[in-house]
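Have a look at the structure below before the remarks.
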């Protein structure tokens, strides 16, 4: 009789859109399930790699999809290998870019890496942190300068010899730029090879990535094979659509929710996400069964917003945020129409935030407005304003929005 196939656990399948080496989902599924079973029998945790280049300072919910999957591997007893790409960040991943990236300094990269680790939960308990930094054997944090900075010229040439120009141009970003006559710097061809070499250096069994990383993850498999290692599995997750429901979540597109935004700001943004995205947000950002969501579209949005906010701040904070958001809109009265109006016709634009508050009478003076903003008491449509000098260029950007000072003072902005 044929052996009963090993089933891949639900936590691993959740949100997954691609798994290779095999082009056949069932084959790759079965192979990884077998590898998991072997690891359990041999008491040898899998080494699960995720690389991040610290090219910015903030992590948003779009980034968190991969960290959540990495945490799921940790909770299943495996070893997460988080690679801080302090060397590769100097080149910059060309994936998704139509031009050569601006190179960062070592100081900028290290400052960004420090903020990344803090946001992921370094120094926090495992219960509160996105990654488990405290349980022995569950996390290795490595910087790829450990192995890449010491490569000599013959070794670099050897790496280059494992790939062809044709392979590189088959990568969509490079191919598009080449076809359009947009320059490709030679050092950019090195990036996929260096990311692949990271897998060799840490002897990865699995590499996590977004769907846009398939070329780079596959390069890791090729290099592991070249160095006589057992090739890693590539497990790919989708790119999260931003709050606009159109483009990927990206700070440059102003459609993000920060990983550690305060509960009210997070909830207020999420409850406005287009209904078409609600199920994917639930699958990728929570442990909630999407089948448990209400049928009514508005209630679905609220349920998703609570679930995602709770995943970061706890259910009590999420429910409090929902109540606060409702009061913000209603002014603690019967309906939103009853919120007192503040008129922008007498405000001189461009207007800084502290001036706006005093000009419409929400604060008695500019100095009071500055104090309120710095104290975290001012919100615009639920999003905290933290910079007194934040500038609004035109009144049309504020029309219909609710400006809040403290817990009880609201004004709907109008002409």
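Cβ coordinates come from backbone N, Cα and C, glycine included.
Among the residue ranges 233-237, 238-242, 243-247, 248-252, the one that Swiss-Prot annotates as motif ''KMSKS' region' is 248-252. Within the listed segments 34-43, 44-53, 54-63, 64-73, Swiss-Prot records motif ''HIGH' region' for the stretch 54-63. For residue 251 (ATP binding site), the Cβ neighbour count at a 10 Å cut-off comes to 14, with all displayed protein chains included.
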